[in-house]
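Step one of this worksheet: look at the structure below.
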Amino acid sequence: MFFKNLMKWMIMITIIISISSKSWFIYWLMMEMNLLMFIPILNSKKKNSSNSMISYFVIQSLSSNLFLISMLNFEIFTMSLFNFTAMMSIMIKLAMIPFHFWLTNLSEMIDFNSLFLMLTVQKIIPLYILSSIKMESLSIFVMISSVFASIFVINLKSLKKILIFSSISHQSWMIALILMKSNFWFSYMTLYSILIYKISFMLIKMKSNYINNFWYTKSNFTSKVSFCMMMLSLGGMPPFLGFLMKFISILIIINSNSMMISVLIISSIINIFVYMQAIMPNLLINSLNTKIFSFKNMNIKNMILNLNIMIVIISMNLVI
């Protein structure tokens with residue numbers, strides 16, 4: 001446990017160094033160090049633990065090598081070819097559609113702790129590198145990933161895969177903000193990470209991997225309602241935090257790219273519909289078999305803390 005915690009702190013250091021640097025070589029070096037430090041975290045008592053480590057290492061190494069090739073051939077490549085090659089390597093690292101298959105296959109081999117880190121912390125350096133790449137074709141990836149992530153989540157039962165496609169959808173919003181040269185993408189990432197952390201923590205506590213099994217766990221009704229609210233927030237349902245993130249993003253993007261923001265909004269509506277379809281019927285059935293919902297069971301301190309975090313982060317970035 002101590003070793004894994006040490007690796008997590010080292011990963012945070014690589015992120016800080018990357019954000020503080022403007023060198024392409026430092027970007028590549030930090031991604032490699034980040035990879036080597038994350039591999040031990042994937043190690044667990046699961047049977048497929050070794051397979052997950054090898055699979056993750058191979059995919060990340062291939063994408064890093066592609067990034068290195070583009071960097072070493074900077075003088076030979078034209079600027080557009082350099083940007084395109086670097087962009088493709090980052091798209092693979094981020095598991096954006098159509099490069100998402102490695103992550104969906106890997107998800108069944110890892111636990112929710114590793115998945116949380118993979119969907120949040122491990123995405124920061126690649127997203128930051130994207131902010132240094134000037135490619136209009138990124139908007140195509142944004143729209144394709146947003147649409148197909150919403151479609152692929154329909155009828156999914158695996159909670160891990162639902163979180164993965166949700167992550168791809170949210171990444172589309174972040175990349176759209178990066179294209180608009182807005183620093184709000186980092187605040188978006190922070191708020192998204194808080195949501196994913198809370199959802200992952202609940203699922204670990206409930207020991208549930210599939211949405212069908214979730215309703216039959218021994219958790220109380222209040223915990224299940226909290227989980228449903230978190231999922232609706234993740235989908236962008238008003239008036240939750242996820243909606244506020246997307247609403248501010250819409251205000252930033254709408255005047256610059258109406259086509260892209262239209263696709264993002266439609267995809268979000270599909271996500272909300274899918275989440276409600278999966279959650280609400282089961283929630284209503286459970287509520288009929290449960291005592292009347294009591295606010296005494298709610299963690300008021302936790303709610304106030306979340307509200308304060310949200311207000312501080314939003315206030316700091318409204319000016320940007």
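Cβ atoms here come from the backbone N, Cα and C positions, even for glycine.
The annotation domain 'NADH:quinone oxidoreductase/Mrp antiporter transmembrane' is assigned in TrEMBL to 21-270.
Long-range neighbours of the transmembrane segment (6-30) within the same chain, counting only residues 6 or more positions beyond its ends whose Cβ lies under 8 Å from a Cβ of the stretch, are 37-38, 40-41, 64, 67-68, 71, 74, 117, 121-122, 124-125, 128-129, 132. Under the heading transmembrane segment, TrEMBL lists 6-30 (among others).
The transmembrane segment feature in TrEMBL is assigned to 51-72 (among others). Among residues of the same chain six or more beyond the transmembrane segment (51-72), those with a C-beta under 8 A of the stretch's C-beta atoms are 24-25, 27-28, 31-32, 35, 38-39, 42-43, 82, 85-86, 88-90, 92-93, 102, 105-106, 109-110, 114.
Residues or ranges marked as transmembrane segment in TrEMBL: 84-103 (among others).
TrEMBL lists 115-131 (among others) with the feature transmembrane segment. Tertiary neighbourhood of the transmembrane segment (115-131): same-chain residues 8, 11-12, 14-15, 18-19, 27, 30-31, 34, 38, 41, 86-87, 90, 93-94, 103, 107, 138, 160, 163-164, 167, 171, 174-175, 178, 181, 185, 189, 192-193, 196-197, 200, selected by CB-CB distance under 8 Å and a gap of 6+ residues from either end.
TrEMBL lists 137-155 (among others) with the feature transmembrane segment.
Residues 111-113, 115-116, 119-121, 123-124, 127, 131, 159, 163, 167, 170, 173-175, 177-178, 214, 223, 226-227, 230-231, 233-234, 241-242, 245, 249, 306, 309-310, 313-314, 316-317 of the same chain lie 6+ residues outside the transmembrane segment (185-204) yet bring a C-beta within less than 8 angstroms of a C-beta in it. Residues or ranges marked as transmembrane segment in TrEMBL: 185-204 (among others).
Annotated transmembrane segment per TrEMBL: 225-254 (among others), in sequence order.
TrEMBL lists 260-279 (among others) with the feature transmembrane segment.
If you look up TrEMBL, you'll see 300-319 (among others) marked as transmembrane segment.
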Whether the transmembrane segment (260-279) meets the transmembrane segment (137-155): three or more C-beta pairs under 8 angstroms: yes
